[in-house]
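Working notes for the structure below.
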Amino acid sequence: MTFFWPDINSLGVTMSAGFMGGHGSASVVGSIFTSLGWEDGFTLGLTFATVGIFISISVGMLILQVALKLGLIQSFTSFDKMNEYERKGLVEPQEQSPVMKDTMSSLSVDTFAVHAALVVVVTAFSYVAANYLSGFHDKVQIPTFVTGFLGGMLVRIAAKQTKAQDYLCDGAFKHAAGISTDYLIIFGISAIKITVLAQYLLPMVILATGGVIFTLWLVLWVAPRMLGDDWFEKGIFTWGWLTGTVAMGIALLRIVDPKMRSKVLDDYAIAYVPGSITDIFIISLMPIAMYNGLYWQALAVGVGYLAFVLFIWRFVLNRYQVANA
């Protein structure tokens with residue numbers, strides 16, 4: 001893409017951020033590009049995120065249909081097999097559960113007020129810290145995503161050390177994240193500028209097509225050779241995650257594995273810890289590198305990281321599997 005459109009060598013970053021990270025990562029990367037002077041990057045990232053959600057589900061369902069015909073799966077939950085509550089996106093009354101639990105006496109303070117205050121404090125810290133750290137150099141922009149992650153981690157550590165975690169409800173924070181994500185998607189779609197899309201339409205179509213083909217190759221060729229048992233369940237989850245969001249991957253996984261026998265989410269939870277650290281560096285540094293034309297250096301780092309992962313798979317995991325066979 002850089003050889004044909006040298007003035008937009010940062011466009012590829014908006015696709016990867018929008019497809020894999022969804023509207024959240026797209027907003028972070030778009031904000032970095034905006035601060036660097038390329039405002040169109042914000043709209044492009046949100047567009048890729050929106051398109052990715054539709055591709056994730058529509059193509060994902062086609063993959064399931066093909067897998068069923070090839071015998072890779074025995075069955076999956078179709079729309080016709082869902083009950084009336086599942087079709088409407090509702091939870092049956094007898095299966096409904098509380099959003100959060102009361103951890104504090106209402107005589108002193110409301111439980112929700114404390115959790116909301118912690119969310120506000122971490123959010124404020126992320127903005128202040130990001131602005132402060134970004135002020136040291138004109139071309140270095142620290143996204144609030146990074147400082148927010150660090151702020152949340154510090155709060156978790158402090159709560160654990162002071163035994164306050166016994167009075168914090170993870171359900172409240174989970175729903176706070178869910179609310180933020182839902183509104184982020186709505187506002188993100190509404191922030192898309194049609195005039196910008198018209199200007200970048202051809203390279204966007206080429207990039208999106210290439211991204212879909214590459215992801216299909218990962219799911220249908222790489223997955224059966226690297227992921228071992230239950231490779232298709234792991235692959236279809238990865239498809240939803242890499243093109244839409246983790247929620248899209250879980251939705252596709254529940255269709256083919258409703259009882260979660262494959263333990264895919266357990267594997268993802270373990271892998272997410274080191275993966276999230278890598279994501280922080282990529283989201284923070286890659287937009288800056290690409291904007292400044294350092295695409296060959298960025299490619300070298302990416303190839304080196306890929307070689308490292310392949311080395312672990314070939315010489316570490318394979319030996320471990322053989323030893324335990």
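Using N, Cα and C of the backbone, Cβ positions are placed for all residues, glycine too.
A TrEMBL annotation is a machine prediction, not a hand-curated record.
Between the listed ranges 140-159, 160-179, TrEMBL ties the annotation transmembrane segment to 140-159.
Sequence-distant contacts of the transmembrane segment (107-128) (same chain, six or more residues past either end, CB-CB distance under 8 Å): 100-101, 144-145, 147-148, 151-152, 155, 168-169, 172-173, 176.
Below 8 angstroms of C-beta separation, residues 11, 14-15, 17-19, 21-23, 25-27, 29-31, 33-34, 73, 76, 185, 188-189, 191-193, 196-197, 200, 204, 208, 212, 216, 219-220, 236, 239-240, 243-245, 248-249, 251-252, 255-256 of the same chain, each at least six residues beyond the ends of the transmembrane segment (42-64), sit close to that stretch.
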